[in-house]
Amino acid sequence: MTSFLNRQDSYQEYDYFPGDAYPGDHHSLRLRRLSSGRSIHNIPHYNPSLSDGGDSEDDNQGQPRELRSLPRHMAIKKAKLKSRGIQVPVLSKAEMWKQDKLKKLQKLQNKAREILFFLALWGKTLQKIGGNFGGGVQSYFLFLRFLVILNFVSFLLMAGFVIIPSLVFRQVGVSFMNSNSTGEEICTVYEPNPPGLVVFYDYFLNLLSGTGFMEYSFMFYGYYNNTMVEDRNFSYKIPLAYLFTAIFYFAFCLICIVTRMGSAARVAVATGGSTAVNYSMIVFTGWDYGCLGDTATKLKQKNLLYRLQVDLEEERLKKHAASLTLLQKFGLHSLRLLMFLLVLGLNIAAFFGIFYATRYSQAQQNQSAGIQALFYEYLPSVVISAGNFLVPLLCDQIAKVERYSPSITVIVALLRAVVLRFVSLGVLLFTLWDQITCKGKINDLKCMLCGYNYESYPCWETRVGQEMYKLTLFDLLINIALLVLVEFPRRMVVDNWSSKISQLVGRQEFVVSSSVLGLVYSQTVVWTGALFCPLLPLINTVKFVILFYCKKITLFSNCRPPQKTFRSTTSAFFFLVVLLLGWMLASVVLIYSIAVIRPSLGCGPFRFSDNMWSVVPKSLYSLPLVTQEFLFFLGSQAFTIPLFSLSSLVMFYVIALFSIYGKSVRLLRQQLKGESRDKQFLVKQIGELSQ
């Protein structure tokens, strides 16, 4: 009876609706739309004389119901607050001014985010790629965009501190730093542009090889002098700026990679490798409520569909692997071991080919001219590109036999190709080092006079920069040639020639692992050559922009959606790990070049130094005495030991927090699993009782 009276009271408060239905019935949606257009006179007014059905029932239980949870109009809730004696807080003018400023600031932030979303580089294109081809393919283009921005910012850094000051100082009178060279005068002779007539097509050959008019330009190391500008309140040394800019460039790239790895790791840890967790994230947090228009909505739906397919495929393969017998597992692991040995043999063959091609190329460069000289100069690049194309292609076919899951297949293929490309680059650098330093023997006849092989490498830094420049340029030409000569003809043959062969070949799939590895390899080449070719980050930026549009064209025109998708969260983190390995390889080259090898005596800003790092102590002693004492204190044991102790304490504290949070996460996951089992048990019990 009481509940009936309560319903009557509630009907009385909602008597402004047509009919006697409660607003929660099927008429509520239509009534909300109608009520939105009403005037303010139609807003219901709270009558305190009427009994509150929502509160009476709760009053009987001793606990009044919270007003926020009541199905009442906002005007009625405000009137009820006043009738209960609860005063609405009155703000002062200062507080109202603060709230108004906070609201305006929040609106400004939202507008800025919207503008940044529309100004984001290739934002709509990336959304379209993710909707049509899944998150795995989209992760490649996101990675490419990250590298484009990284290279462009790096170029601004190099231009601001090295390139532009060097160009300006050449136009004004500057002084050269004192020469304390112990070498002979013949070692200081460097003539990259010998006098004489130049045939017109030689300019094109020089552009491809980085020689001739390009060798002594601000493109390469040999162009920069050991100039110094001093004034009463201003001092600028090109050698010091050149060295510290290169070091800061590497540190900046490391910070960007680690920061991006942190965000990718959080997503990977959140999923935890669990299909149930991934499914929950997709269902409850996967939708983007900022989708604009039907096209963006359909693309987002396709993207979620791909992600669900990935989880289902991973779960199916896990169940299949768990159902294998002991004999089947032994056969599978034996097959994988055999394939591993085959891949190792292919890599060793590629390494020997690169080593002998580089030695032969360096020996023949000074004995030929014209097109033949260009061929010998590009011979290492051709062999490296051929090995990087053929060996991963064979490794992809081998990976199909090994029967890994799609995500593991991508990682395994990427690891194999990483070893090939990084070691091939290492073989090239080792061959150059072997000839520049006379196999590390300073007492050799070729290296005794100048400290390096001056006869073959009068400016060895420029020669290394030219090799990295040729690798970067040749990689871009290969990608464009594959697009024009292979991918487009394949699509035309498959679409216009109906035969069993064309149906068997079909349209190509976009192979994410090899494409990502190409980006990592290109970026590693740029890091390796940035010290010797300051404009290489700009060249790589232009290359990656061209590569983005080439890959976009071939993706939408020549490729079909992948038959087997893979999880993009794990792959995105692994891509950055591989990029970090490339950074470490380039860092070894940077440290060795700065600290060990003697700079060329005839070119560059370090021409009269024993090594590149020696300019730092010399510049340190020219500083004021107070600054010297402070810097010496930073390098003393009195500062480093407490700093190391404090860092150890912070590290142990972070490790302890990590272990505690890890245990908490594991306990929560176990509780979730237990609750899911309880729900399944209750559902079974209800089903049995209903029967």
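Numbers run from 1 along the shown chain.
Here the Cβ of each residue, glycine as well, is placed from N, Cα and C on the backbone.
Features of the protein shown, as given by TrEMBL:
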- 40-69: region 'Disordered' (REGION)
- 142-169: transmembrane segment (TRANSMEM)
- 203-224: transmembrane segment (TRANSMEM)
- 236-258: transmembrane segment (TRANSMEM)
- 337-358: transmembrane segment (TRANSMEM)
- 378-395: transmembrane segment (TRANSMEM)
- 407-433: transmembrane segment (TRANSMEM)
- 459-568: domain 'TMC' (DOMAIN)
- 471-489: transmembrane segment (TRANSMEM)
- 527-550: transmembrane segment (TRANSMEM)
- 571-597: transmembrane segment (TRANSMEM)
- 630-661: transmembrane segment (TRANSMEM)
For the transmembrane segment (337-358), sequence-distant contacts whose Cβ falls under 8 Å of one of its Cβ atoms, 6 or more beyond its ends
379-380, 382-384, 387, 391, 394-395, 398, 401-402, 416, 419-420, 423-424, 427-428, 430-432
Residue list, the transmembrane segment (378-395) vs rest of chain: Cβ under 8 Å, 6 or more residues beyond ends.
208-209, 343, 346-347, 350, 353-354, 357-358, 360-361, 413, 416-417, 420-421, 424-425, 428, 467, 470-471, 474-475, 478, 513-514, 517-518, 521
With pairs fewer than 6 apart in sequence excluded, do the transmembrane segment (527-550) and the transmembrane segment (471-489) have three or more C-beta pairs that lie under 8 Å?
yes
With contact taken as 3 or more Cβ pairs under 8 angstroms (pairs 6 or more apart in sequence), are the transmembrane segment (236-258) and the transmembrane segment (527-550) in contact?
yes
Most CB pairs under 8 Å with the transmembrane segment (407-433): which of 203-224, 527-550, 571-597, 630-661?
571-597
Contact count check, CB pairs under 8 angstroms to the transmembrane segment (142-169), set 203-224, 527-550, 630-661; argmax is 527-550
DSSP-derived helix, strand and coil totals, residue by residue, for the domain 'TMC' (459-568):
85 helix, 4 strand, 21 coil
Taken over the domain 'TMC' (459-568), the model's mean pLDDT:
83
